[in-house]
Amino acid sequence: MMHFKSGLELTELQNMTVPEDDNVSNDSNDFTEVENGQINSKFISDRESRRSLTNSHLEKRKCDEYIPGTTSLGMSVFNLSNAIMGSGILGLAFALANTGILLFLILLTSVTLLSIYSINLLLICSKETGCMVYEKLGEQVFGTTGKLVIFGATSLQNTGAMLSYLFIVKNELPSAIKSLMGEEDAFSAWYVDGRVLVVMVTFGIILPLCLLKNLGYLGYTSGFSLSCMMFFLIVVIYKKFQTPCMSVEQNSTVSANVTDACTPKYVTFNSKTVYALPTIAFAFVCHPSVLPIYSELKDRSQKKMQMVSNISFFAMFVMYFLTAIFGYLTFYEKVQSDLLHKYQSTGDILILTVRLAVIVAVILTVPVLFFTVRSSLFELAKKTKFHLCRHVLVTIILLIIINLLVIFIPSMKDIFGVVGVTSANMLIFILPSSLYLKITNQDGDKGTQRIWAALFLGLGVLFSLISIPLVIYDWACSSGTDEGH
């Protein structure tokens, strides 16, 4: 997903100063019962319990390093929308084609509402602990294990996003070059091979950007990326009315088959239906960016940030649904997991323009995500001090691994499927609910909320138990030919 910068510094929330409890003071007025020269054990137990409470307040305040936010509500909505928006939008028409309009709308609405609820849980956890960094929140609640799990989930999500962006380069750059050369799609040469081009782009453009110590241009790329995706949506809607369904079925000779192929399906099930929910989940993940955006919000409060998330998710819901429905109604069951790849840019300046804009946007966004993944690795290895040789070596090795994956992964649906059922599920369902349940473990006043959070956690676990085996089963049963190529 498009990630929000927040000054490349993840600030933390400062809670109200915890008032000192007079009962916990070491007053000389405390009365100590002595029996046979020994202090009453009940008193010791009570004293230790109160000291433990004081220590817990001190622990809570470890996260209270606060710089007041300066970002307006409107700009925060824009930043969160940037964080939500990503390559997932290109796979939604494919998800709709394999579920039907009605079922897709139900799934899209459900994931939108559940994502908003998970952010609500995350904000409550942040308020209770005072932490404004996702990883530190995990460490505060679950210790080192929590920190490692959140690092792993966010790194996998960012890696999946990078893979999808580079897959767009692999898919779209050859078509753009052929169009600029005036060649047909059938034209083949080594310099229009997507595998060669993605390696050239990675080590010619992305590597130098990733080697920088800081990314000063980060604030500009997210806005540019969101603008490109909005431009893409406008083109998708426009092309629906410019592309007759008959042209999709160029090889069809039977009009009855064409008529059937051009009829929208409202509910459908097939072997690719399993990818719908992971793709939608992948498209809505923004949780690692929520707390940094919250920390920058002017006059922040949980209610105000919840309003930011509600507006952002509603806007993305509308944008996602429009892209999916118009993309589907243009190509019907012939739509691919990369919607943009289905449009022919030869002789079409509009498609060529949007294709080039999206390519530039994703190329500039990859280093942003790469910085996050590399920083996480250095943090885990406790190698936070800058070292040039290590910096260069790790960067090159990671980019080689990512390129190999992009070259051999057959289609974008596989990326959406794997990341959707693993890290996206963790970040949306499992982690926020687990953190909330742990934090409110001793709070008897939140019984109803804890039941809902437990059901939410169970839903995430169920999602994994059902989706992961089905995705693996589809891989095992898939033929050599793939629609995503």
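For all residues, glycine too, the Cβ spot is worked out from N, Cα and C.
What Swiss-Prot records for Cys245-Cys262 is disulfide bond, and it gives sequence analysis as the kind of evidence.
Positions annotated as N-linked glycosylation site by Swiss-Prot: Asn251 (among others).
According to Swiss-Prot, the N-linked glycosylation site annotation covers Asn257 (among others).
Annotation comment: Swiss-Prot describes Ser6 (among others) as phosphoserine, evidence class a large-scale study or a structure entry.
As annotated by Swiss-Prot, phosphothreonine applies to Thr11 (among others), with the evidence given as a large-scale study or a structure entry.
The phosphoserine annotation in Swiss-Prot covers Ser25 (among others).
Marked as phosphoserine by Swiss-Prot on the basis of similarity to another entry: Ser28 (among others).
Residues or ranges marked as phosphoserine by Swiss-Prot: Ser49 (among others).
Per Swiss-Prot, phosphoserine is recorded for Ser52 (among others), and the stated evidence type is similarity to another entry.
The phosphothreonine annotation in Swiss-Prot covers Thr54 (among others), and the record cites similarity to another entry as its basis.
Residues or ranges marked as phosphoserine by Swiss-Prot on the basis of similarity to another entry: Ser56 (among others).
Look at Swiss-Prot and you will find 1-74 (among others) tagged as topological domain 'Cytoplasmic', backed by sequence analysis.
For the topological domain 'Extracellular' (98-112), the model's average pLDDT works out to 96. Annotation comment: Swiss-Prot describes 98-112 (among others) as topological domain 'Extracellular', evidence class sequence analysis.
Below 8 angstroms of C-beta separation, residues 12, 59, 62-63, 122, 125-126, 154, 287-288, 290-291, 376, 379-380, 431, 434-435, 438-439 of the same chain, each at least six residues beyond the ends of the topological domain 'Cytoplasmic' (134-148), sit close to that stretch. Residues annotated as topological domain 'Cytoplasmic' in Swiss-Prot, with sequence analysis given as evidence: 134-148 (among others).
Under the heading topological domain 'Extracellular', Swiss-Prot lists 170-188 (among others), citing sequence analysis as support.
The topological domain 'Cytoplasmic' annotation in Swiss-Prot covers 212-216 (among others).
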At least three Cβ pairs under 8 Å linking the transmembrane segment (451-471) and the transmembrane segment (349-369), pairs spaced 6 or more in sequence?
-> no
The DSSP breakdown of the topological domain 'Cytoplasmic' (370-391) into helix, strand and coil residues is 15 helix, 0 strand, 7 coil
If you count CB pairs under 8 A between the transmembrane segment (75-97) and each of 274-294, 349-369, 392-412, the winner is 274-294
Exercise. Do the transmembrane segment (415-435) and the transmembrane segment (189-211) come together with 3 or more C-beta pairs under 8 Å, pairs six or more apart in sequence?
Worked result: no
Check your understanding: For the transmembrane segment (274-294) against the transmembrane segment (392-412), do we get 3 or more Cβ-Cβ pairs below 8 Å once near-sequence pairs (under 6 apart) are dropped?
Key -> no
Residues outside the topological domain 'Extracellular' (98-112) whose C-beta sits under 8 Å from one of its C-beta atoms, at least 6 past its ends, are 92, 264-270, 272-273, 275-277, 280-281, 284, 313-314, 316-317, 320-321, 324-325, 328, 428
